[in-house]
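Asks: Summarising the annotation, TrEMBL assigns transmembrane segment to 54-78, 203-227, 271-301, 307-330, 342-367, 379-404, 425-446, 466-490, 502-522, 534-562.
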Amino acid sequence: MRWFPFAIRTREEENDGEKLLLLKIEKVEKSKICDLELDAAKVKQFKDAIDNNYWFEFFMVYLFYQFFVGMLTLYLLFFPFFLYSFIPCAEYTSDDLPLWGFVGHLRHDINSDNNKHFIYTHRIINVKYNGDQIIHINLIQDSPKSLEVGKLEMTYSVSWISTNITFAQRFDIYLDYPFFEHQDLKMNVFEVEYFRTANVISLHWFSIFNLFMMVIFLTGLVTMILMRTLRNDYAKYAHEDDDLETQEKDISEESGWKLVHGDVFRHPRNLVLLSAVVGTGAQLVMLVLLVILLAIIRMLYIGRGAIVTTFIVCYALTSFISGYVGGGLYSRSSGESWIKSMVLTASLFPFMCFGIGFIVNIIAIFYGSLAAIPFGTMVVVFIIWAFISFPLALLGTVVGRNWSGTPNNPCRVKTIPRPIPDKKWYLTPSVISLMGGLLPFGSIFIETYFLFTSFWNYKVYYVYGFMLLVFLLLIIVTICVTIVGTYFLLNAENYRWQWTSFFSAASTAVYVYLYSIYYYYVKTNMSGFFQTSFYFGYTLMFCLGLGILCGAVGYLGCTLFVRRIYSNIKCD
């Protein structure tokens, strides 16, 4: 016997809630689901949905219960243009197959100049199977009825069709959608032509080629700075036998980064916060690399929630890295409140995510949405953080303080800070920070579009190999751009480079968030307070993580650069 429980969700901003129906199905010719009572308000709601091309999404989930196997779950989710659902499955594991359908359609009324609204009242579900495994599911909608006040009978039928397609190939049909073609997301999703995967590959290779050329340009620029500009400066400091007149002439002509050697390793402001965000960013770098590699190996796109679950578990297991990097940085800078630094490093990013998620979850609960995260799930996540992530971060801080916490700056820090001269506006830290994120954002722009389309629309993201290449190139671009910005800042005799290097790289997230605003208004039809808060809340969480990640990469790259150039000059 087969079962299809499915949940029907209406528009969140109108707060009609959800209804869960449990249908006992094997092979069904035609069966009644329910009677849909339509009053004037509901008719207006459905007409609005049809006018705006609302569509719903099915998720058919193959269930593995404790006592029996072979059950099916069908989640029918109404959602305007994008679907996002967090449905906890404590009783089973799932392997989702999605399909889509429109709420209704418009038909020209020959008796008037207006269009008439029709709603589909019959669903034909065709399920393809191979042995005892579900391979594919298809939905056909039929029996359109005029949308008027009254009662409509909602029916369905189910047919089971044998196929030779193997279980491992069940997702191939979804991966052929033109996900990587730049098409208008407002188009009819069921009238889109199929493109071959070769087009997908060629588009991605083209974007990666452009990114690779950018990397060559930036690395060439950094190499020029190191090989030409700095080499001449080193030559001046290498002279030991120059006469007094030559030395005085060189000293009088000194300018730029050489003059701040006594202040460049001065402790930055808010050292506790800097060490926490740098440590967290280093952890996020390893986390993203690990998740991408697991996605390449395990095909995590197959099950809903698999990526999120992998992120949470891997974040907890990589917390040692944040403690080690943050604790070592704080100790090398002679920080004294290391316990405060340790606690902040372990809890900064999780609590930021928790705060944003808590607010969005309260809104989801208020609107009665299935997207609300259950209290039990939040408790489980908190336990993972408290008993795995937090202790590992503390252990990493202790190890980092003892193994890599010895100060070893190549230049001695002077007692009296050097005054920072006024410079032109384009050499100020704020301008350098804002300009630093442009090129890194340009390097991930195309991939950002794909990720947004996957997360907020019906597309399936599966080319994690390209994501790995783009991520590695992003790290290289971020380091190179930040080094160039830091060099300009030091040449302006501004030795406060630590936070500038961090914000210069972290500003990439600002441009991603600005792009998300454009994406929201141009590429989607989202509306209402719930959808808006849901979209911008979780996008903010993503951008915070991206900003901390890029900021840490930029800071650590600049740290190596600064230590390298000042280790080759003679200073007292």
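Every residue, even glycine, has its Cβ placed from backbone N, Cα and C.
Could you give the neighbours, burial and distances for every feature on this list?
Replies: Beyond the transmembrane segment (307-330), the same-chain residues lying 6 or more positions past its ends with a Cβ under 8 Å from any Cβ of the stretch are 271-272, 274-276, 278-280, 282-283, 286-287, 290-291, 294-295, 300-301, 338, 341-342, 345-346, 381, 384-385, 388-390, 392-401, 403-405, 552.
Through the fold, the transmembrane segment (425-446) approaches residues 204, 207, 211, 214, 218, 470, 473-474, 477-478, 481-482, 485, 488-489, 492, 494, 496, 499-500, 503-512, 515, 550, 554 of its own chain, all at least 6 residues removed from its boundaries and within a Cβ separation under 8 Å.
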Asks: Which sequence-distant residues neighbour the transmembrane segment (379-404)? Criterion: at least 6 residues beyond either end, Cβ under 8 Å.
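Replies: Beyond its ends, the transmembrane segment (379-404) has Cβ neighbours at 312-313, 315-317, 319-332, 338, 341-342, 345-347, 350.
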Asks: Verify whether three or more Cβ pairs under 8 angstroms connect the transmembrane segment (342-367) with the transmembrane segment (466-490), leaving out any pair fewer than 6 apart in sequence.
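Replies: Taking Cβ pairs at least 6 residues apart, the transmembrane segment (342-367) and the transmembrane segment (466-490) are not in contact, as fewer than 3 fall under 8 Å.
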Asks: Which of 203-227, 271-301, 502-522, 534-562 shares the most C-beta pairs under 8 angstroms with the transmembrane segment (342-367)?
Replies: 534-562
